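Asker: Sequence annotations record features per position, and here Swiss-Prot assigns transit peptide to 1-42. The ATP binding site annotation in Swiss-Prot covers Gly106, Lys107, Gly108, Ser109, Arg363, Asp377. The feature Mg(2+) 1 binding site is assigned by Swiss-Prot to Ser130, Glu200. The annotation Mg(2+) 2 binding site is assigned in Swiss-Prot to His228 on the grounds of similarity to another entry. Annotation source Swiss-Prot lists phosphoserine at Ser539.
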Amino acid sequence: MSWARSRLCSTLSLAAVSARGATTEGAARRGMSAWPAPQEPGMEYQDAVRTLNTLQTNASYLEQVKRQRSDPQAQLEAMEMYLARSGLQVEDLNRLNIIHVTGTKGKGSTCAFTERILRNYGLKTGFFSSPHMVQVRERIRINGKPISPELFTKHFWCLYNQLEEFKDDSHVSMPSYFRFLTLMAFHVFLQEKVDLAVVEVGIGGAFDCTNIIRKPVVCGVSSLGIDHTSLLGDTVEKIAWQKGGIFKPGVPAFTVVQPEGPLAVLRDRAQQIGCPLYLCPPLEALEEVGLPLSLGLEGAHQRSNAALALQLAHCWLERQDHQDIQELKVSRPSIRWQLPLAPVFRPTPHMRRGLRDTVWPGRTQILQRGPLTWYLDGAHTTSSVQACVHWYRQSLERSKRTDGGSEVHILLFNSTGDRDSAALLKLLQPCQFDYAVFCPNVTEVSSIGNADQQNFTVTLDQVLLRCLQHQQHWNGLAEKQASSNLWSSCGPDPAGPGSLLLAPHPPQPTRTSSLVFSCISHALLWISQGRDPIFQPQSLPRNLLNHPTANSGASILREAAAIHVLVTGSLHLVGGVLKLLDPSMSQ
């Protein structure tokens with residue numbers, strides 16, 4: 001038994017852990033094993049996804065990554081090779097009239113706004129994004145909807161078998177998971193004859209596999225920050241260099257206001273490449289020439305994403321000679337940023353409706369269910385968590401109760417990869433949660449039946465250990481805060497007025513209790529206490545309330561007039577929660 005499992009069993013005694021029993025190691029082993037690849041088209045959707053999942057740990061790919069790490073350009077060359085093996089050439093992608101978008105935070109929301117705007121013009125849209133919330137087919141959308149299981153299965157096996165057929169002595173490997181899905185998206189969009197494709201970069205830009213695109217119609221860079229440091233660099237300037245790698249000669253690009261250093265890097269990259277780069281004016285500037293704009297996505301930070309989306313959509317329409325766009329005001333240079341400002345124009349009715357009707361699950365999303373309110377945001381960088389906290393606190397302010405009923409505030413958190421979870425948790429601490437709950441991005445620990453939610457790159461032990469580390473960080477922050485409060489208002493020493501010493505007040509218990517569960521389902525069972533009208537499991541795991549904090553908290557949760565739950569730190573965590581709270585997303 002590993003240290004992580006032993007620690008969980010001995011200190012928490014949660015049913016989520018004890019019910020795991022012997023299945024944990026078996027599940028972990030099964031997770032690391034390869035599924036046999038079916039050879040016949042027409043297989044079921046789950047079979048296709050299971051085969052796709054084997055590419056997460058493809059041994060030859062991992063070896064290839066090691067060889068290519070010192071030569072990132074080789075990654076793009078490999079992607080072009082896979083594209084050729086699949087029956088396409090790079091030039092074929094030009095027919096997709098692509099909008100290529102990168103950034104650290106907000107790139108997915110920007111893409112969603114952009115796609116929705118252009119769909120309002122009667123255009124047939126393709127949209128490639130990552131990661132998925134519940135089902136992998138969400139990554140490839142036609143007219144805003146994930147492709148059907150049948151279409152996914154059809155295209156998956158056609159591509160898989162094509163790549164298998166054209167293996168040779170020098171090209172024996174299959175593409176990795178994300179490369180495969182990128183290739184598949186291109187094939188789907190071409191065969192479905194979309195008018196345009198909105199393509200979100202996976203990681204970075206310069207050496208991302210989507211960057212085999214040679215002639216996009218327009219490019220965009222959303223807000224920059226620190227993320228994926230092991231791949232992109234440990235400063236925002238280094239990351240900006242990677243993001244600017246999607247710029248193409250003569251292709252317009254737009255970005256939002258950035259810190260001076262990374263913006264200068266983007267400007268220099270654009271000049272070197274020969275790309276005209278524009279700075280988006282704030283949304284307020286476009287509202288000055290029209291009515292206020294309503295956004296379908298909540299949060300003040302979405303205004304920056306919407307401003308970028310409007311410029312991308314407007315530029316695409318202009319370059320495609322679309323008639324239904326307003327006359328532009330003359331663009332003027334920005335002296336402060338040393339970049340030309342993008343045009344200010346009057347948003348058309350199609351644009352206005354597009355912004356208003358945009359839906360993007362798991363980003364500043366609120367689900368109101370009986371006494372429970374779920375606040376879902378996949379923020380996973382310091383800047384995006386800051387924005388998440390601002391949105392969450394504003395949302396709480398709007399929903400303040402007037403009847404004086406008791407309220408409970410809960411944080412459900414996980415963070416993966418090389419992200420600094422201690423820094424993220426520190427940003428969340430001021431929200432004054434009553435309980436902090438941690439769990440891995442595993443929907444059901446005892447089941448591996450749903451291939452969409454599987455991650456073969458880590459074991460259950462590893463992710464449980466990570467959750468324990470999150471809990472330790474959180475408890476450390478709480479203790480530090482308690483210590484700070486202890487001395488913040490010191491009283492005279494009891495020895496008498498002549499003493500020069502100050503005595504702290506008696507220690508107070510820390511406000512937040514913390515718990516670790518071994519899967520999302522068990523965490524939601526404890527949080528909801530059967531009070532969510534949709535999330536109603538047939539039976540509770542044994543010993544779910546064995547831990548004193550879980551037991552005492554359960555009675556508080558059952559009696560609370562309102563329960564507010566912020567789910568954040570990982571898009572995969574949010575996706576797992578949505579899978580359980582919104583069964584329609586699995587259909």
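Cβ coordinates are placed from backbone N, Cα and C, and glycine is handled just like the others.
Where in this structure would I find these features, and how exposed are they?
Answerer: Within 10 Å of the Cβ of Lys107 (ATP binding site) there are 22 other Cβ atoms, across all protein chains.
Summarising the environment of Ser130 (Mg(2+) 1 binding site), the number of other Cβ atoms within 10 Å of its Cβ, over all protein chains shown, is 19.
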Asker: Taking the Cα of Ser130 (Mg(2+) 1 binding site) as the centre, which of the binding-site residues listed as Gly106, Gly108, Arg363, Asp377 lie within 10 Å of it?
Answerer: Gly108
Asker: Given the ATP binding site residues Gly106, Lys107, Gly108, Ser109, Arg363, Asp377 in the record, what is the largest Cα to Cα distance, rounded to whole Å?
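Answerer: Answer in Å: the longest Cα-Cα distance is 14.
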Asker: Using the recorded ATP site (Gly106, Lys107, Gly108, Ser109, Arg363, Asp377) as reference, state which further residues of the same chain have their Cβ within 8 Å of the centre of those residues' Cβ atoms, listed in sequence order.
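Answerer: What remains near the Cβ centre is Lys105, Thr110, Ala112, Ser222, Leu297, Gln302, Asn305, Trp360, Gly378, Ser384.
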Asker: Given Ser109 (ATP binding site) and Glu200 (Mg(2+) 1 binding site), what distance in Å do their CA atoms have, once rounded to a whole number?
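Answerer: The separation of the Cα atoms works out to 10 Å.
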Asker: Cβ neighbours within 10 Å, counted over all protein chains: which one of the binding-site residues Gly106, Gly108 has the most?
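Answerer: Selected residue: Gly106.
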